[in-house]
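See below for the structure under consideration.
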Amino acid sequence: MDHPEISAGWLSRLFYHWTGPLLRKGLIQPQVSLDDLYPLLPEDRRDDRADAFLALTARQPVRPWPVMAFIWRHYRGRIGLLTLLQLLGMLATLASPWLLNHSMTQLGSGAGTGHKLLLAFALFASVLAAGMLAEHSLQLALKMHVPIRRLLAESLLAKVMKQGGKSFDDRAGGRVQNLINRDVWDITWILADPAMPLTMALQLAGTIALLVWQVGSAGLVGFAVLTLLLLVSTRVVRRMNQQEQQLKRQQDERNGILAEYIKKLRLVRQNGLGPFFTQAANAKRQQELGVLGRVLRLDAINESLMLSTPLLVTLATFTTYLASGQSLTLPQVFTTIALFAVLRIPMMRLPYLIRTLINFNTGFNRLCDFLNNPEQHRELNDPNLPTGSLHLTNVIALHQQKPVLQEASLAIEPGELVGITGATGAGKSCLLHLVAGFDNGFEGEIRRHGRVAHLGHKPWLMNDTIRNNILFGQPWHEEHYQWVLGACALTADLELLGHGDQTLVGELGTRLSGGQQQRVSLARALYARADILLLDNPLSALDPVVAAQVLAQGLAFRPGPTRLLVSHDPDVLAHCDRVIRIEQGRLVELDARQLADLAAHPQPAPPIPPQEAEQFSEEKVVEGKVDWGLFGFMWQRLAAPGAILIALLLTLGQEGLRIASDLWLGGKAEVSEVTTLLGIYVLLGAGSLVCIMVVRVINYKLGLKLAWTLFDGMLGRISRAPMAFFDKVPQGRILNRFDRDLGEAQEILLSMLMGLFGMLVSVALQVVVIGINIPLLLLIAPLVGWALYVLQRRYRAVQLKLRRQSSVLRSPLYISISETIRGAPALRLAGAERFALDQVLYHYDNNLRSWYTTTSINRWLGMHQTLLSASLVGVVALMVAFGNSPLLGAVAITYAFTASAMLNSLIRTFAEVEQVMNAVERVREYSEIESERQEGAPLATPHPRVRFDNLGLRYPQASQWALHRVNFELAPGEKVGVCGRTGAGKSSLLGVLQAMYPATQGEIFYGEQPLSALAPEAVRDLYDTVSQIPLTFFGTLRANLAPLTQHDDAALEQALARVGLAERCAGRLDEDLDKLQLSAGETQLLVIARILLSRRPLIVLDEATSDLDHGGMRKMAELLYRYRPEASYLVIAHHLEPLISVDKVVVMEAGTVVEQGSPVSLLANPDSRFHRLFAGQVNRQVEEIDL
């Protein structure tokens, strides 16, 4: 739809009447939908300026000044108009105190009626003009935010495309989120409104000049005090900014821990490491709160300074004036008070302007630092080569200062299928990364020609449908698409999925099995008709039958693209035109004899998520008004009724004392006893100042307490939530609650509530004062109240719904940014950078639309409040014009000014409190989610026998049983293998066994105790689990080896030596694990070392050998069985190698145990299902497939 502002008339644009349809919808609709949000204006959408800006930021080094010059040059027309409006608004604002002074002078001079009427109209016009100019200049500045924020965000995302991938982990992704969501915001405030510091300085100077006009040189004394307070405030703000930068870093780290925890939650629970992660998150939160406490404390000091500034400046000014022997007149007193009221607004904004400038500088430096990071991508394409060719010449590549490739040379012709093999850590994946261009840290020459696709051992999928993951922005070709599905053995899978190829794969593809993830990634490469395929163990997650089909139809077909295929399996390598082995950094081509010497060692598959493919739940948009129960929720979290009552009473006292000081000074202005006059005034002012400071201290203390209790309550529930919750809720949605929602609830809500109460008290007292002085004004009070009610009702109804919609829109943006970061390498190779950027920018534009719609509604409110305020001032001025008391008239007009300004802030602040309460609403939702059962009996024996008794499992809304009538035992010290085809129920079995999903029927017994009677955490604490994806996490090597137990260095080093990592990790126990840059196989060995240090009685090997070569597989089994012989082992595998040495094998089909017995005896029986599953090797099965 078109933006309604485009077709609106000039009067509608002037008063924002074009927002009327949305305001009416806010009153009658239960919620605001995405379609109700205003679209971006045509001039704010992407155009040639975006391409020019991307070209500018792609040239390194990126510096702030060229970026600022680009934006200001391209938007100079808007910026010029904005500056003009701000200057006119400043003049209109300064005109009001001058007109006030003139009006009060005329009251005592007996001026004519016409002159008084003219002055009343002039007061009305000055207030109206100042308000209208302020609203339109603000809207113009906020309009500028849209294209500028979009430009900056797109430049960051374009850099991610060139740098993302292996150089980015979850915590680095948190940094990008912060850059886009916070730093871009800080930068834009100055880029969009560069004249703001100038106009504020001019307003301050103009106000000081009027003060000097009123009270002479005493005004300069007031200015000197003001300057001194500003210097102190600036120092406080600078210190606060330093703390806020540290706070951002702490939040980055805390969000990184939470992101890693939620992403790896299944593995964390399988290893009983939940307490480690929650303790780490709480420890980081405590550090964060220490910094937040300093920020809030400095903020309390700064607010106290700002709120006391008018009082201190007034005191200094009037004391100096009276001490010089001069007397004060009523016009002087109340004009000076009005000028200080005008001064109060920029004075309150000035520290935040300084803070904004500092944040602008810091944010710009962070932005440029990121844009100047070295890029991982290196252009290797050589159009002089035949399409599909690949040449390596004397390539030397280092990893951790150790050579991975040494003078490696290789020439591959178009269409060749070349196998790559070698020991764990030899550099196979590194070779593919170099050829793909992911890593530019090499010497020598790599040249290739043609489109390249890379399939890593951890496939990357975006959170979209299966079809869109395959198409990846490519045009639709039905016949080719169907061929790709067949070649990747996906046709049967799609028939089983409820939504076919429209099934959402979930974050990181978690809704699909590991084998399905691999095949969808392969299908993407085949659909794109890439000329060169780089395949890193592409069959490792497939059972032998499916692997044979994919190998025959999807990998080994002739003629085909050029393929580099990493594998340990000789049955796969046998289909290659030639095989290259990496030995001590050199590429050695194997002859027929060497190929024959390779032992067959099938590869495992990753766990299959234990639920049918189903869509994620939609995030709920709460309907209706704010639940007043939220205040009860906060009251419970604060648990400090005494402190809250004291703060409210002191706020009441502070406003009362402030008004009393003004009335005292005005009523006694012309008395000769200066000491008495100033003494009482100082006492009243000092009392008000003390109240301000005490309230800010209480607010600071309560803010810290609220920050901790909200976080602790939400993390406690999330850490105990059932797995079914995480199956339906994406990671980005959870992190959004811990980031934006928690930040708003903890950092600004209490200040807003206290400020709102202060405004209510101030307005009420000023209305009382006006009513006492001019009782006739009380007759129009109901009319003013009705107008305010109508305004706030229409405004709050739509604003709350817009805020809720905005909160919901943030989650998809978080998710899409995270996915783009992880998938940058695949996106680059596929040439899909623009496709991915457009996906993220679609969500970013939706957030901008929501934000711009909200600002437009704010301007509608501001314009109508301006009309109401100007009318109130005009009516009061008319009544005063025909009155007889200069003092009463001065009081009435002065407080009409201040009360009307306060009313404007009151409605907006009330609405903002409601909107921030939406954040509390969302935090409360996750603080009250369903929790796992926590109670349970302790284990009767430390090493129990595990018995499956008629176990059954059916997932919610699933039509089929995932497990049905499962019966077998795992005795202490016994090794039991579980095998079966994809979808047999192996991972579902593990999910119930480790208390992640409740059984639908039957029971699992630990000794004589049923699982349903035990606490889930106690059950998980029995297990160490080695899965296909190794569980490592943030922190040092020491923490990864012994996260929950204490061991001396000798024990840790011994465990590393046993798995063959002693030399690799020598003397590096306290080094961050990320800096070690272990290969996938080495990471798996690190997990084995952790288990060797553990004393848990049950060990699960869940497809645990995918990243190990044949020798590594045997070594892992020998290490575990040798050093942990007392443990019971449950070995889950697709393939024969890990199962041949177990005591008993359990064969599963369709969730049921169909066979169990000794692997040797079952393999010897040609009629057994176990024999039929493993008797045929991949190469022999390929021949049986009809090509």
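Just so it is clear, glycine is given a Cβ too, placed from its N, Cα and C backbone atoms.
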Segment assigned the feature transmembrane segment in TrEMBL (from 538-557, 638-657): 638-657
Chain residues in Cβ proximity to the transmembrane segment (677-698) (below 8 Å; excluding those fewer than six residues from its ends, i.e. six or more beyond): 300-301, 303-304, 307-308, 311-312, 314-315, 318-319, 322, 643, 646-647, 650-651, 653-654, 657-658, 660-661, 664-665, 668, 671, 754
Other parts of the chain folded back onto the transmembrane segment (638-657), taken as Cβ under 8 Å at six or more residues beyond its ends: 684-685, 687-688, 691-692, 694-695, 698-699, 701-702, 705-706, 709, 754, 757-758, 761-762, 765
PLDDT averaged over every residue in the domain 'ABC transporter' (390-609): 81
